[in-house]
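> Heads up, here are the entries from TrEMBL:
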TRANSMEM  B:6-30  transmembrane segment
TRANSMEM  B:37-56  transmembrane segment
TRANSMEM  B:62-80  transmembrane segment
TRANSMEM  B:92-115  transmembrane segment
TRANSMEM  B:135-161  transmembrane segment
TRANSMEM  B:188-211  transmembrane segment
TRANSMEM  B:223-249  transmembrane segment
TRANSMEM  B:256-277  transmembrane segment
Amino acid sequence: MLHLHNINSFYGEIQVLREISLHVQRGEIVAIVGANAAGKSTILKSISGTVLKVEGKIEFQGNDLTGIPAHQRTEMGLIHVPEGRRLFPTMTVQENLEMGAYAKRARLDRQKTLDQIYEMLPRLQERKKQQAGSLSGGEQQMVAIGRGLMAKPELLMLDEPTLGLAPIMVQWVFDFIRQIRDSGVTILIVEQNATKALEVADRGYVLENGQIVLEGTGQELLNNQALRKAYLGA
Amino acid sequence: MDIFLQLLISGILLGGVYVLVSIGLTLVFGVMKIVNFAHGDFLMLGMFGAFFLYQLFGLNPYLSLLIVTPALFILGLIIYKTIVGRTISRPHVVQIFSFIGLSVAFQNMALVLFSADFRSINHPVSTKVIHMGPIHISFPSFIAFIVAGIITILLFIFLYYTYTGKAIRAAAQDRFAATLMGVSIQKIYALTFGIGIGILGIAGSLMVPIYSVYPTVGEQFVLIAFVVVVLGGLGSLPGAVVGGLLIGLIETMSSYFIAPSMKQLVYFCVFILILILRPNGLFGKEGAAEEALE
């Protein structure tokens with residue numbers, strides 16, 4: 001469904017990603033793990049079209065994404081839930097969710113999708129009139145993922161969805177990710193919490209200094225001695 | 001007492017004009033984080049538009065706003081596409097000097113085309129006065145005030161109750177996140193800039209019966225607009241309304257009680273005082289100005 005071929009990405013003069021090749025198949029959960037500043041977020045930004053300079057070829061559902069601006073990639077069902085949630089702080093929870101369905105592919109079904117999301121996340125319905133900025137971190141993450149689902153994603157990319165959350169919320173997020181996948185959405189997740197991420201993932205990639213150093217199924221990576229030493233603290 | 005009431009009403013009506021002139025400036029800043037230094041010159045174009053529609057075709061200025069407003073909206077879109085949009089992700093000096101260049105170009109274009117003469121229309125509406133007991137109310141100022149109120153309310157409804165308006169607010173709050181929702185930032189910015197300039201078409205038409213028109217008339221108003229917008233809080237619509245009315249009142253009161261030549265001194269003193277006490281303006285968000293400078 002998604003193929004990256006030898007991607008090099010730059011912020012100005014600084015090269016952040018080197019020769020990244022990876023793929024995601026329909027129905028998978030794929031995790032990208034690695035230390036801080038390894039370039040994990042940059043991979044997602046390169047895919048969503050929000051990095052200024054990207055070399056190489058990214059294919060999504062058979063379409064070459066080169067030259068397609070970010071807002072049109074959303075239109076193709078390629079949805080990026082950014083790190084730090086990036087809600088619209090003075091808009092209400094409901095307005096935030098509604099903005100998720102801005103893309104034409106989702107706009108007509110806005111009300112229907114919204115009802116589904118309120119059914120999945122009843123806490124958001126209780127708080128729909130509250131300003132998003134006034135919610136707790138966990139609730140904000142619910143809104144961020146819900147806003148991503150409002151766009152009717154084919155591929156949902158989650159950037160550090162558990163960052164700064166309480167352990168109970170971390171578990172909830174990973175359970176919810178499984179639930180989303182079971183509803184037919186493919187998932188690409190970037191996480192510092194490598195153990196948890198690899199536990200839910202079908203496959204994973206390990207990123208180090210902008211390069212992929214290991215890949216395999218979630219279980220293989222969890223069992224890899226070198227990786228356990230370096231990242232999993234075991 | 002009558003005098004005080006008279007001054008109060010005149011001040012509020014004058015404030016209405018200032019609100020109209022300022023609201024587009026604060027909208028554009030709030031959404032796009034750019035300061036339109038050519039704002040006053042777009043107003044000048046609007047005033048000339050209404051002036052010539054009256055002079056050449058005898059069109060009532062209150063009807064000409066139906067032509068001048070869409071014309072300025074379209075001009076705003078064109079200027080956005082050709083100039084402003086290209087400066088969005090550039091350093092601030094590029095943005096500032098693009099606007100200053102635009103301002104110089106507009107003023108000199110007007111000077112060449114229309115000469116430096118002060119012009120005003122000779123429509124009976126200009127001098128019409130409504131008498132309410134001892135109070136005299138200038139008709140064109142009254143109309144300008146009413147329309148300012150209507151425009152402010154419509155703009156508020158647009159931003160808070162329509163989907164496109166919500167997209168504008170989303171883009172204002174987080175450009176990156178809005179892009180990820182599928183919002184085309186360039187389209188939203190072009191629309192916002194068009195609206196900000198279009199409102200000046202309304203303002204220009206309503207002001208032609210009250211003020212003379214000349215190529216640098218914008219300078220006189222853009223200074224006030226900046227005071228109003230900074231006083232109210234950069235990017236805040238309620239701030240522009242309160243700021244506009246406040247400056248109108250201060251100007252009218254100080255002209256009478258102190259001296260007409262001192263009115264600017266007085267409102268600048270008040271301006272400085274408020275900024276000392278509330279550096280972000282009356283309704284400003286913390287960090288709005290810093291954000292603009294990043």
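The backbone N, Cα and C atoms fix where each Cβ goes, and this holds for glycine too.
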> Under 8 angstroms for C-beta pairs, at least 3 of them, ignoring pairs fewer than 6 apart in sequence. Is the transmembrane segment (B:62-80) in contact with the transmembrane segment (B:188-211) by that rule?
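Between the transmembrane segment (B:188-211) and the transmembrane segment (B:62-80), which are separate recorded stretches, there is contact, as judged by 3 or more close Cβ pairs.
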> Counting only CB pairs under 8 A, let me know which of B:6-30, B:37-56, B:92-115, B:135-161, B:256-277 has the most with the transmembrane segment (B:188-211).
B:37-56
> Any chance you could find the range in B:6-30, B:92-115, B:135-161, B:256-277 with the most Cβ pairs under 8 Å to the transmembrane segment (B:223-249)?
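It is B:6-30 that shares the most Cβ pairs under 8 Å with the transmembrane segment (B:223-249).
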> Of the stretches B:37-56, B:92-115, B:135-161, B:256-277, which racks up the most C-beta pairs under 8 Å with the transmembrane segment (B:6-30)?
B:135-161
> With a Cβ cut-off under 8 Å, give me the same-chain residues at least six positions beyond the ends of the transmembrane segment (B:92-115) that come close to it.
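Same-chain contacts beyond the ends: 34-38, 40-42, 44-45, 48, 79, 83-84, 215-216, 218, 293.
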